[in-house]
Amino acid sequence: GEWPTWLQGILLRNGPGMHTIGDTKYNHWFDGLALLHSFTFKNGEVYYRSKYLRSDAYNCNVEANRIVVSEFGTMAYPDPCKNIFAKAFCYLSHTIPEFTDNCLINIMKTGDDFYATSETNFIRKINPQTLETLEKIIDFLRIYEFTSTLCCSKYKSQAGVTNATRCLEFNIKVLYFYLFSEKEKKKSCFKHLEVVCSIPSRSLLHPSYYHSFGITENYIIFVEQPFRLDIVKMATAYIRGVNWASCLAYHKEEKTWFHFIDKKTKKEIPTKIYTDAMVLFHHVNAYEEDGHIVFDIIAYADNSLYDMFYLKNLNKDFEENTKLTSVPTCKRFVVPLQYDKDAEVGSNLVTLPSTATAIKEKDGSIYCQPEILCEGIELPRINYDYNGKKYRYVFATGVQWSPVPTKIVKFNVQTKETLHWTEDHCWPSEPIFVPRPDAKEEDDGVVLTCIVMSDPNKAPFLLALDAKTFKELGRATVNVEMHLDLHGIFIPEKDMKTEPE
């Protein structure tokens with residue numbers, strides 16, 4: 001095919017790459033050492049490059065030729081040859097876990113710089129052109145004694161906000177959200193962070209798991225789900241011989257609470273707003289309309305997804321034998337901000353045309369039920385010029401009862417129309433939408449996705465689709481063993497520092 005000549009820049013992807021070190025193996029696919037991929041587009045041609053993130057975890061493991069740094073699904077224990085004192089010290093030191101800097105989940109742009117990120121309190125600066133690993137960042141987070149710090153790894157940006165993301169800090173008592181100052185776009189931005197709001201955790205020793213959040217023009221949205229981390233179990237996991245992942249549990253009998261933070265007042269909306277139990281990883285988009293907050297998410301009825309990716313399950317019959325017990329569902333919640341305070345108990349406060357409801361309870365709280373937009377999509381992306389605004393299109397991977405994506409989907413949230421691309425033996429990654437320069441329409445551009453082949457005799461490739469029609473524009477075959485990845489970004493040529501080739 002032909003690659004659009006206007007497509008100039010770098011597609012940068014991140015995900016687990018190395019799962020075996022010496023004679024040791026990780027237990028879970030999400031534990032693998034981070035492998036960065038880049039596709040550079042220049043004058044209608046595509047250039048591929050990949051490199052392992054040279055994290056401290058990578059360096060320590062490779063030097064020892066065994067896994068010596070624990071990951072979420074794999075605990076690393078002392079060398080059997082160590083003496084008893086060294087072993088005792090190692091066990092005691094894990095009471096307060098020091099998390100890995102194996103930043104394998106996403107890529108974040110802050111100011112002029114780019115960082116590999118994960119769900120721990122470390123990020124690693126990288127050079128997006130050479131994929132060189134640069135400094136390790138931690139000091140911008142305030143880490144308290146007995147604090148379990150996990151960070152949102154799925155980031156969003158919005159006009160007027162410089163990467164309105166970095167992170168949630170799970171202190172036992174509060175959740176902090178940090179918002180980068182628009183004025184601090186250089187390296188110093190990590191030293192100029194603003195605590196926007198603190199939210200008391202529903203359970204002091206059982207904070208909720210967060211992977212992403214929503215943002216509108218005036219509000220930040222946190223969903224406190226009953227998929228929670230047990231701090232006591234986490235502190236004793238190493239001694240008990242279990243991994244940290246086993247300390248996460250889904251409490252299906254509990255409710256899911258919504259928190260809306262007003263960006264102007266820096267206070268949470270006082271009304272208690274909730275829905276039924278669910279597990280959430282990815283927000284799609286959110287916006288405000290006629291006194292309501294509308295936000296779309298991908299939700300599950302249980303936490304079976306994580307268990308699917310233990311390496312013991314990833315055998316040749318994975319697609320046929322491994323089935324989710326809950327299909328991912330795109331749900332739309334509509335929450336009224338302005339409503340009649342004298343409305344009758346049991347009345348639906350939603351006035352927008354939607355099947356979503358918000359029922360007033362006797363105690364003044366609001367119980368929400370969503371509109372089901374569609375089922376079977378994950379890793380959602382949008383045209384981020386529409387982030388925080390009313391929008392039409394979601395670009396996502398298509399999955400059903402197997403967690404492995406088999407198609408790329410374009411879904412219209414307003415008309416419910418769907419387009420898709422699929423091909424035998426193809427496992428596509430998260431699709432990235434790149435708008436055409438000076439585009440006037442939301443879907444004017446291309447969708448890029450990395451395709452891994454389940455047939456070992458066929459080479460992987462980068463696929464480009466016309467975002468309007470979903471017709472294939474071109475593919476760039478890569479003669480390497482390319483891995484499934486997780487998240488990434490497209491960096492336009494104008495956003496990159498100029499460096500000599």
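Each residue, glycine too, has its Cβ placed from N, Cα and C.
Keep in mind that this is a model prediction, so the values were computed, not measured.
In TrEMBL this protein carries:
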- His211, His282, His487: Fe cation binding site (BINDING)
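This view paints the features noted in TrEMBL onto the structure.
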residue	record	Cβ neighbours (10 Å)
His211	Fe cation binding site	20
His282	Fe cation binding site	21
His487	Fe cation binding site	23
